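Copied over from TrEMBL, here are the features:
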type	residues	note
BINDING	S16, V245	FAD binding site
DOMAIN	15-279	domain 'Amine oxidase'
TRANSMEM	6-24	transmembrane segment
TRANSMEM	188-207	transmembrane segment
Amino acid sequence: MTAEIWDVIIVGAGLSGLSAAHLLRKRDATLKILVLEGKNRVGGRTVSYEIPAASGADLWDFGGQWVTSTQTHVMELIKELGLEVYSQFNTGKKVLHVGGPTARVRTYTSSIPALSPLVLLDLTLLLWKIDTLSGTVCVHDPLKTPNAVELDSMTLHSYIEQHAWTAELKEQIGVCSRSVFGMEPSQMSFLFFLMYSAAAGGLLALLESTPGCAQEFKIKGGTQQLSKCLAERVGWKNVRLGSAVTTIWQDAEWARVTTNNDTFLCRAVIVTCPPHLAGQCASPTSVESLNEILTHAEGKYPTLSSALSNVANCASMHFHQHISSIFSGSRVWKSHWLKYILSEVRAWARGLLGFDF
Ligand SMILES: Cc1cc2nc3c(=O)[nH]c(=O)nc-3n(C[C@H](O)[C@H](O)[C@H](O)COP(=O)(O)OP(=O)(O)OC[C@H]3O[C@@H](n4cnc5c(N)ncnc54)[C@H](O)[C@@H]3O)c2cc1C
């Protein structure tokens with residue numbers, strides 16, 4: 001059987017793969033580009049389903065859903081594709097119930113639960129410490145951060161145990177960690193946490209839904225539309241669904257990409273699936289190292305270090321997050337932090353002293 005020949009093959013039709021295809025297409029419309037997607041839909045970790053709503057049926061996001069004005073790349077893409085955003089609805093009373101069935105159910109109206117003065121002081125100091133450390137992090141290459149090894153050898157949990165005093169704050173950090181990262185503080189490298197916060201413009205900017213914060217906007221009709229619109233631009237005929245890549249072999253001239261049914265030859269391959277899934281593509285019969293899939297060595301191609309291969313193979317999904325935005329400086333978080341402290345002090349004065357200002 002003769003293999004089909006392409007300039008670039010992209011593995012994965014999520015936002016990364018389809019954006020790569022779209023950008024390549026814009027740069028050179030003559031390039032023969034093929035996107036191979038294992039599932040029977042595009043979008044990857046963004047998926048929007050129609051479910052019943054008060055006003056009839058509505059599209060709901062079940063994966064990635066928020067964007068913010070400071071995530072300039074995705075905002076430009078939304079505009080380019082003719083999509084619209086709307087502000088995250090965040091007014092009204094919110095309810096928080098943590099600490100087990102016997103714990104008090106609390107309500108609050110700010111974007112972060114109301115805290116006692118002691119916990120607020122604890123939070124203020126912790127935010128200051130985290131922000132100071134975040135400011136030292138090299139977002140593009142966290143390993144270039146001063147003390148990278150030390151910061152990476154501790155977890156968010158171990159840092160919080162050393163630097164937060166109140167049980168309530170520790171509990172709140174756990175809630176944030178689970179809701180933002182999908183994992184416990186004890187499962188996350190502290191360096192990764194600092195890098196993620198720095199990229200979002202600070203910890204509060206990562207947590208809040210006010211302007212400039214990570215949960216600022218949603219996309220009308222759902223985020224999966226981004227991928228659907230990109231697939232249209234790239235051409236649906238160039239996106240093959242239900243085509244899970246099983247192996248990638250590379251020699252001096254070609255890369256050979258195989259799925260269960262087809263074999264393709266190409267000059268370049270872009271792999272956009274999460275590293276542990278890329279590792280599984282290595283061989284149809286056994287899970288070998290990412291090394292094998294990315295650079296099956298037949299000559300001069302460099303290979304990943306065994307340490308990196310091990311990290312990729314061992315890391316399950318929740319150990320990988322994609323950075324969506326990069327802010328510069330610390331001004332953004334400071335303004336949110338001050339606004340938050342002020343709103344808390346106001347609430348406290350209202351409740352305890354019976355006056356507002
Ligand atoms: C519940 C949830 C909430 C989130 N909320 C937000 C949010 O509010 N804001 C935000 O910015 N981000 C959010 N994210 C993160 C965001 O969704 C992801 O960062 C982004 O969608 C990743 O896109 P990607 O294309 O890089 O990877 P993916 O979306 O994972 O795409 C990879 C694609 O590769 C395919 N694939 C895998 N293996 C193979 C193979 N062997 N052959 C062919 N195809 C293969 C997969 O099926 C998938 O379609 C959230 C994620 C989740 C899960």
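From the backbone N, Cα and C atoms, a Cβ is placed for every residue, glycine too.
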Reported mean pLDDT - the domain 'Amine oxidase' (15-279): 91
V245 (FAD binding site) CB neighbourhood, other CB atoms within 10 A: 26
